[in-house]
């Protein structure tokens, strides 16, 4: 197939001279509105653009916070790709998308770059609705090659000639989905360019002039033509001689290009490794790759996280994601916490339980610090397992441990646990194995937006037989629920808790297992009943105070369990109150739906005994903002709860508030 080639750059005297502002810190970058402007520059000016792009990225993230190290690591690569390829006609897909801030600056979004991850501002990831230069959205890892192959096949079917480029990191490459896609791509032989951004040196040997020279050689047309001719001759040779010739070619390339054998076996033409910060190496290789005419290609690029900013280079983990910081010192503006973070409470509680029970083990899928498993790892390194970006494997690995009498705690964000759903059903629930799921980031998560929201676990776990489902109302409840999970040894269980800090309440010294399927009364009233599942309990208390000011006596109950449901508590609330409202930090199909199903089956709603309402997340994917703003928009704050009560009473909350005043 004939590939699309970007127009050749003008040379010599035909090169465009771009007028720049000598007083700006980024004079050349200031002239670039889209990659079309970048492609008008002389090659020697591209280095300056990259330097200025790095400075702009540093300055922008210092104002907004966000993912930092990954973006700095791909500044030269981003610049080179947009210079060589004809984006957006050539499709450029960033795996995960957290490294795409420089890409956004070059593709017409620089004027909004300081709105990153704020309400109404730019997404922290690639997003189709944001720009034509984001042909495929992302935030979860290891999807780029599959999406890219789909685009490449669509191009072939429609007779197109554009390139498709997928940029994927070595961490994301560890996930099974990436290899499934590569295996399929190699078999289909469609034109697809995969750029492996190796920023952890986990695959690559040292790079330098020899590697760059060989990469240019092997990606060049002369070598490829000779190689193809040799293949045709080889077909006419006796099989034994042909096999030996193949081995000679494989060994010679494998010896010089160590690391490419696996990709060649998957059907990719391997080029690299090359220095991802050296434009003299990157540009000619990418140009050669652009002009290749058939088959999938993998370009192995070695980069450094945090490149060009000293503090980030010295501490890649600390600067992977940052809050606002001082550019001169690197000091991050972290406010002193008012209460412990939920993931830390989980980690500390699990350590205390493990000190008493040697069968307890912890599993994480590449998120040890985010889940609190790093705390457990410090105390019990031999009982901690980070399986990488492999949620499917993590779940079944935990099931295997449980089948042998161990007590695995599988700590995974709600949004990422979705990736292991079949394993939860097939390997855990059907076999009734006591895997303990610690579901972090339940509910809305703020700046990371819809892709990271933990909206659906109540619904997707609630339909499974044998599953115990709990939600912590506060950090003290979390301690007791960890102890409860330890005690549940006859079936699987899940415990959900949100991102961020707790309420700052008094903490128990040790966790005490709760009675399974029993909630608790928080405040006794007579007219209105608020039944909370999770950390909306604090908003229910605020709402009850406001309702009391309107003369409405309000009961508050904490359900604690969604499965098994505290049916006695639900019936009591329904019989003793005029209005019953459930409140949860999850989608339709969760806790409220289970309560509604029970009340309906009991006939409790037939005679109008109680006015029943549910409060759930809206049936939309909410854009990023602060968690408080997102919950307010969803109507799941105290104000929204009060409004729901007045709606059920057939009254207007605004009118009632005026009367009260």
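A Cβ is built for glycine as well, from the same backbone N, Cα and C atoms used for every other residue.
Residues 139, 140, 141, 171, 172, 199, 309, 391 are given by Swiss-Prot as thiamine diphosphate binders; from 98, 103, 277, 426, that same site also lists 98. The distance from the Cα of residue 140 (thiamine diphosphate binding site) to the Cα of residue 170 (Mg(2+) binding site) comes to 14 Å. Neighbour density around each Cβ, counted as other Cβ atoms within 10 Å, peaks among the binding-site residues 170, 391 at 391.
Secondary structure at residue 391 (thiamine diphosphate binding site), taken from DSSP and collapsed to helix, strand or coil, is helix. When every Cα pair among 98, 139, 140, 141, 171, 172, 199, 309, 391 is compared, the largest distance found for this thiamine diphosphate site is 33 Å. Residue 140 (thiamine diphosphate binding site) counts 21 other C-beta atoms within 10 Å of its own C-beta, drawing on all protein chains shown.
For residue 98 (thiamine diphosphate binding site) paired with residue 170 (Mg(2+) binding site), the C-alpha to C-alpha distance reads 14 Å. Cα to Cα, residue 170 (Mg(2+) binding site) and residue 391 (thiamine diphosphate binding site) are separated by 17 Å.
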